[in-house]
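S.K.: Grabbed the feature section from Swiss-Prot, which reads as follows:
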type	residues	note
BINDING	R46, R52	NADP(+) binding site
BINDING	R123, S124, S125, N239, A240, G283, K298, S299, V300, A301, T302, R324	FMN binding site
Amino acid sequence: MNTFGNIYRLTSFGESHGPGIGGVIDGCPAGIELDTAFIQQELNRRKPGQSRITTPRKEDDEVQFLSGIYEGKTTGTPIGFIIWNKNQHSSDYDNMKTVYRPSHADYTYQTKYGIRDPRGGGRSSARETIARCVAGAIAKLALKQYGIQIQAYTSQVGPIKLAGSYQDYDLSLTEKSDVRCPDPKTASEMETLIAEVKSKGDTIGGVITCVAKGVPVGLGEPVFGKLHAALGHAMLTINAVKGFEYGDGFNAAFFRGSERNDRFFNDNGHINTRTNNSGGIQGGISNGQDIYFRVAFKSVATILMEQETVNMEGEDTILKARGRHDPCVLPRAVPIVESMTAMTLLDYLLIQKTRENF
């Protein structure tokens, strides 16, 4: 499927080394002020060539809107857009045309479709996620009207991780480091590790934490449309994602109800909770507390080291990849996680609004 969402929907198209990546957004509310500078800023956070710890591929990543906008506002009709690819080095993939990269989508795409575009991974490339960042930026602008804010950050790279919870850090510092970690000391250690891994032609994974504040009570559609299930689905569609947990996640298995339950209390006329182990979601429905979750990313499959593999004829061979690749996806994946979160929350907010007049 190339379409995400129920009411607020994105259909993306394009390949890594094709002419461009684009999309069509349907179901966007009319009248949203389209802050093009903000949208470009979001794309810049994701684009390649940002620092020594990202891919050296250089792209302008400037979005061109084709429809659905008049005098700077959304019209409620489909929003078409495209971002042109300008810096492809397709010859870097000549030695991969008939060879499968270990842990990459090469083999599964070839087997499923009987054909694949080997240049940069084609449709399986994370280059596709730029379309999500456009749709996510517009979703953020819509959510801003409801006081909903989303902030993601790198909380772990390999064995190096932040201690404590998101509440222990000033998340406004996230964008001040190349790795997008809000703690300067830990960020420096992460960047050093990524640079070391890159120098050896290897890659490394990690974890991104995301927090959504200001989400009202009531978003989520039991029983098969639970909000945490929707967020999990959204995250697991992102390239290289291998795990998702919200609230206290797997740690919930180690505690008794008397230890873990989020107790309610009257907070000056408002219902609040003493703790937030549930991660802002109970029974699949938002409860008004901060929604927070973690997303685990594997190391990038394409490494510049010799690997045992097979070719399309099933013959054993050795592959040493070439090209420009991220040694760690985390720095550029932070805005992607935020975008998928924004799209999901706006979608579920619009679903909830269909109930208000009944």
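From the backbone N, Cα and C atoms, a Cβ is placed for every residue, glycine too.
Describe the structural context of each listed feature in the structure shown, including burial, neighbouring residues and relevant distances.
M.R.: DSSP assigns R46 (NADP(+) binding site) to a helical segment in the three-state reduction.
In three-state terms derived from DSSP, V300 (FMN binding site) belongs to neither a helical nor a strand segment and is classed as coil. Other Cβ atoms within 10 Å of the Cβ of V300 (FMN binding site), summed over all protein chains shown, number 21.
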S.K.: Residues with Cβ closer than 8 Å to the Cβ of R46 (NADP(+) binding site), same chain and 6+ apart in sequence?
M.R.: D61, T129, I130, C133, R332, P335, I336
S.K.: According to DSSP, does R52 (NADP(+) binding site) sit in a helix, a strand, or coil?
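M.R.: For R52 (NADP(+) binding site) - judged by DSSP and reduced to three states - the answer is coil.
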S.K.: In Å, rounded, how far does the Cα of K298 (FMN binding site) sit from the Cα of R52 (NADP(+) binding site)?
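M.R.: So the Cα of R52 (NADP(+) binding site) lies 20 Å away from that of K298 (FMN binding site).
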S.K.: Given the binding-site residues R123, S125, T302, state which is nearest to R52 (NADP(+) binding site) when distance is taken between Cα atoms.
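M.R.: Given the candidates R123, S125, T302, the nearest one is T302.
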